[in-house]
Amino acid sequence: MEKRTSYCGELNEAHIGQSVVLHGWVQKRRDLGGLIFIDLRDREGIVQVVFNPEFSKEALEIADSVRNEFVVTIKGTVHARGEKAINEKLATGKVEVLAEEITILNSSKTPPFYIEDGVNVSDELRLKYRYLDLRRPEMNNIFKMRHTVTRTFRNKLDALGFFDIETPYLTKSTPEGARDYLVPSRVYPGNFYALPQSPQILKQLLMTAGFDKYYQIVRCFRDEDLRGDRQPEFTQIDLETSFLTKEEIQAITEDMLVDVVKEAKNITIDKPFPRMTYKEAMDRFGSDKPDIRFGLELQNVSDVVKDVDFKVFQSAIENGGEVKAINAKAAAANFSRKDLDALGVFVANYGAKGLAWLKVEAGELKGPIAKFFPEEKATELKASLQAEDGDLLLFAADKADIVAASLGALRNKLGKELNLINEEELAFLWVTDWPLFEYDEEAGRYVSAHHPFTLPKEEDIPLLETDSSKVMAEAYDIVLNGYEIGGGSLRIYKKEVQESMFRALGFTDESAKEQFGFLMDALEYGTPPHGGIALGLDRIVMILAGRNNLRDTIAFPKTGSAVDPLTNAPGEVSEAQLAELKLETVKKETN
């Protein structure tokens, strides 16, 4: 096989007159009155190859037998296309290759779908033939971008003096949040390793070991319910540092992300990134990961409506809840009564008991609840919401968390439906000052908002075991376009604080020692103050590539039901394998 001289997609006018050797796949073949044209594709793009009997009759005869997706080597000379033959849609569209020789390296069956962008095919089929799906230029470009992003992170962290250190995949199962993927031990029957949900504890131990700055581009595993931006295995940019403040860790993160966006998209992002507290994010946007590319902010109108004779509002306020509204500017005409009923059904998914609404027409409030607002109150409400003719006012009344969840989700829905979002914009945001705990209704107790190793604010440490709800954390999340792309914090580095944290979470001293004894021991040997962050590589690439599903940014992903259609994983194993592991399977009973 002759050595390749160029990639197909790299050829341009500078190559005119040069002899080239190309390897690639036949994208398309056209037979036009004695001439054959082949679009040859490789990872860098497509170039047109011309087979002319006057130049090489033998090459033309071989080209006549090739079909789509055949793998070939072509030798020829680069020529300029004629003025009328220039293809502006193609990067190589001003040149073509006049073929002298063609060698068929391998044939191909007819693919189950066209290998081209925009092909209408089910996700299931795409994943079953993922190796074909990845040939499509748009998919190829995503993984070029992923490589650029990964390389940029590595280069930046290396320049900042971080050590790339690997942590084990076979580790101990600890109660950190989601369910673990378990791996049975053959040597110790009845015992299991766990695949890591993150290298959290181990990277903290590397700080105890004195490495000062650690990073790892690491695979993590969580056995949880899936959705569009979740996968059972995912990759994070994981880093940890000693002796730095949270502001310094955030500055390092910003520097990395600015470089990544510049390299991947050639867009310059301003620093420092905007920031807001968790409370402000929930109050204004109803979300702890707000998309700040558009308005539609939530506004508290409890004081305005507390005296109106509308029982839904009155009841919510009397029971310690609140009434909030969104003013969708100039949107009243966009929504019929039927549309508004549908929005009511939508917010019910988030716990809301309904969605009240008003329209502003000719200076007056119109709608089902307008009768509850006498002129003075109507004027006060319009002033409070800066409402004008044509505006649509949407209200939720309930407990604060339900109001936030329902109006926050509604805000995101309206932002898309009303075309308020600039899809080209990249809006980074820090969300800071998180509560250390959140209340789990199902468990009936407080659980870690992030993880049990997050450092409480110093002034709140005495409250750990007495008033958990008031303890704030030295935690920070980084958000991009409404997605959480990373979470970090300063960590607990003193044993007595970690013991107090475990007790606050309901661990007995004995159970804490059993689960985390190795960490507690390490904290007795001079662990330095430390902190870090983990950034979701798959999600960052998803956003930069303009996709809406993580599957597109992972080479061999799972479906929404955690199945791999390509390999048919997960699958059953043999009785011999189970016997070796001293395991039995329990068959699910079916009616």
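Residue numbering: from 1, along the chain as shown.
Glycine is treated like the rest: Cβ placed from N, Cα and C.
Under a cutoff of 8 A between CB atoms, and with a sequence separation of 6+ in the same chain, the neighbours of Arg491 (L-aspartate binding site) are Gln204, Met207, Phe453, Thr454, Leu455, His530, Gly531, Gly532. A strand conformation is recorded for Arg491 (L-aspartate binding site) in the three-state DSSP classification. Per Swiss-Prot, the feature L-aspartate binding site maps to Glu176, Arg222, His450, Arg491.
If you look up Swiss-Prot, you'll see Arg222, Asp223, Glu224, Gln231, Glu484, Gly536, Leu537, Asp538, Arg539 marked as ATP binding site. Cβ neighbour count for Leu537 (ATP binding site): 24 (other Cβ atoms within 10 Å of its Cβ, all protein chains included).
Taken from Swiss-Prot, the feature region 'Aspartate' covers 200-203. Secondary structure of the region 'Aspartate' (200-203) per DSSP, as helix, strand and coil residue counts: 4 helix, 0 strand, 0 coil.
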For the region 'Aspartate' (200-203), distant same-chain residues with Cβ under 8 A (at least six beyond the ends): 167-168, 171, 174, 176, 214, 216, 238, 240, 451, 453, 516, 519, 532
May I ask for the distance between Leu537 (ATP binding site) and Arg222 (L-aspartate binding site), taken between their Cα atoms and rounded to an integer number of Å? 16
As a test of reading the model: what is the averaged pLDDT for the region 'Aspartate' (200-203)? 97
What three-state secondary structure does DSSP assign to Arg539 (ATP binding site)? helix
State, in Å as a whole number, the widest CA to CA span among the ATP-binding residues Arg222, Asp223, Glu224, Gln231, Glu484, Gly536, Leu537, Asp538, Arg539 given in the record. 19
Check each residue in the chain of His450 (L-aspartate binding site) that is at least six apart in sequence and keep those whose C-beta is under 8 Å from its C-beta; list them in sequence order. Trp434, Ala473, Ala475, Gly487, Ser489
Relative to the Cβ position of Arg539 (ATP binding site), how many further Cβ atoms are located within 10 Å? 22
